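*Asks:* Residues or ranges marked as compositional bias 'Basic and acidic residues' by TrEMBL: B:7-20. Residues or ranges marked as domain 'ABC transmembrane type-1' in TrEMBL: B:95-287. Residues or ranges marked as region 'Disordered' in TrEMBL: B:1-24. Here TrEMBL flags B:37-55, B:94-118, B:130-154, B:166-186, B:207-229, B:265-286 as transmembrane segment.
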Amino acid sequence: MSVLTKQAPGAAAALGAGAPGRPSRGTPRRKNQRSGYLFLLPWFLGMLFTIIPFFASLYLAFTDYNLFMEPNFVGLANFQAMAGDPRLWQSLKVTFIYTFVSVPISLAVALAIALVLNRGLQGLAIYRSVYYLPSLLGGSVAIVMLWRYIFGNDGIVNGFLSLFGIQGPAWVTDPDFSLSTLIVLNVWTFGSPMVIFLAGLRQVPTMYYEAASIDGASRWRQFRSITIPLISPIIFFNLIMQLIGSFQTFTQGYVMSGGTGGPADSTLFYNLYLYQKGFTEFEMGYASAMAWLLLMIIAIFTAVNFIASKFWVFYDN
Amino acid sequence: MALIELPTKRKQDKRARQADPEDALAGTPGTRFSRHLILCLVGLVMLYPLLWLISSSLKPSNDIFRQLGLWPENWDFGNYAQGWTALDQPFHVYLFNSMIVVVFSIVGNIFSCALAAYAFARMEFTGRKLFFALMLGTLMLPGHVLLVPQYIIFSQLGWLDTYLPLIMPNFMATNAFFIFLMVQFMKALPKELDDAAQIDGCGPFRTFLRVILPLCVPAMATTAIFTFISTWNEFFGPLLYIQNQDLYTVPLALRAFMDSEGQSMWGPMFAMSVVSIAPIIGFFIAGQKYLINGIATTGLK
């Protein structure tokens, strides 16, 4: 953030220095002030529409609000109920497994493919497009529905496995396997972090590698000591964005299970459970408390990542 | 914090890299061939589900799971006709509904985010830094935190079962990603442009409209395409706010297919799935340049 706003003091000083020389007609700075706010008017409205609900939901988290009756303050009752709610724990478990399995795999695949693509191959643009396309479709209802059939009892995955004489499981209806189909779906959308990795790899100067190979460094050594440190800010960026995104998964779980989170709550994502609580059972106080718990979890993970980044993310400047 | 520095840095270095000899990393013809082979195989695996979807939409429902091959033995275009009329309304009603939401969302995002970005990128006023930090903060805010109160507000306004809850937030620059994208873009334009426009007698609004905005067409195109794709795919918002079947957007209509599941409906369902993702693929092919640049600049999905 500091870099983006760095220009401001300098520019302000320049404006101030130039001020005496200007004709003193009105106050141009004040005028600029006012039009600045005018340009931001829609954004201010949007912020009101963000900040008020932000605090309103914090308040509702401590009430028994149900959309039809006035909210009553109930203290920590919602949070206590959450602590003893097995479905809530299940939804956290599903979301965590999904996140901590699919995010590292998709980032690793994205980086690996980006490294191969960065080797100056012909047809880079075509490969990049082919790999990127699924990430635009991964969240659509059509594709999640398709996934149900691909992994269906006699879908193409089991058809493929049977070519090798393997009897595939009932992926979608077996609680032990249903979440893994969605993990595969998430890995399928590795294209968007891949494009970001590719952009980062392109900025690593080739002379570093030339110097390293003259010194006799192996490919692996070059990767570990040049590539990884130089693109570590991008790995970090991708990690944060993927984590935040995957904590908030909804459509995949909803469509795959027809809205139930089944079988046996095995695809009950946190946000799906929140939706069920808030908008089918109308326990909106509880849903607000859940939303705040998620906010806390995301905030803690982001903070931990930022602290940990000091030890492995390398900034050139 | 330093996270945010990346894009600008990346842009500069991209240019520097282009001068470098590409073949330093390319390797021998043998390794090049094996790399192509791996990439093609991975690409095939990636595309296979989509190709299977398209081929299944052209097969009679009974054949879909009996034939693993992609090439239909019996061509059946009837799935499209059948799927088009299988739900309460013909499918073009849902396509049209989605189109309405998409068009207004695009207009709203471009209008409000460009205004905000201009203020952040090129104007001086008290509190600008604070507001900018606040804007970046909302980037990471999970939307569900605001969900319940926003739902209450919309229902109090009588906006349930209308497209207003889906459209109006876009007119209030609530999509910080696009503001950020445009700020990055506008900062790269020379400051002298504003000064020259001012000397010629342009006020801030005319400078914005006549000088800056025309130069920001690539950033606006990126915003438009990303808004198109995310709004077209959007499932949660319509699920929450639209109950009336006549107002269903495409994702809700597709879900209705699932409810009426049954073997005879596979073909029509796959056909309408193809119809629903075809515009995304179309926009992707048409706007690739903006998408790839946009995602490399902001890390947007």
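Even glycines carry a Cβ here, placed using N, Cα and C.
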*Asks:* In the same chain, which residue numbers or ranges, 6 or more beyond the ends of the transmembrane segment (B:265-286), come under 8 angstroms Cβ to Cβ?
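*Replies:* Here the qualifying positions are 50, 53-54, 56-57, 59-61, 64-65, 76, 78-80, 82-84, 86, 91, 95, 225, 228-229, 232-233, 250-251, 253-254, 257-258.
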*Asks:* Six or more residues out from either end of the transmembrane segment (B:37-55), which same-chain residues have a Cβ under 8 Å from its Cβ atoms?
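*Replies:* Sequence-distant neighbours of the transmembrane segment (B:37-55): 69-72, 270, 273-274, 277.
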*Asks:* Near the transmembrane segment (B:130-154), which residues from the same chain, at least 6 beyond its ends, have a CB less than 8 A from one of its CBs?
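*Replies:* Those are 4, 116, 120, 160, 164-165, 174, 176-177, 179-180, 183, 240-241, in sequence order.
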*Asks:* Sequence-remote contacts (6 or more beyond its ends) of the transmembrane segment (B:166-186), Cβ cut-off under 8 Å?
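*Replies:* Same-chain contacts beyond the flanks: 7-8, 101, 104-105, 108-109, 111-118, 120-122, 132, 135-136, 138-139, 159, 212, 216, 218-220, 222-223, 226-227, 231, 234, 237-238, 241, 294, 297-298, 300.
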*Asks:* Going along the chain, which residues at least six beyond the ends of the transmembrane segment (B:94-118) come within the CB cut-off of under 8 Å?
*Replies:* 87, 135, 163, 166-173, 175, 178-179, 181-183, 185-186, 208, 212-213, 216, 220, 223-224, 227-228, 231-232, 234, 238, 247-253, 275
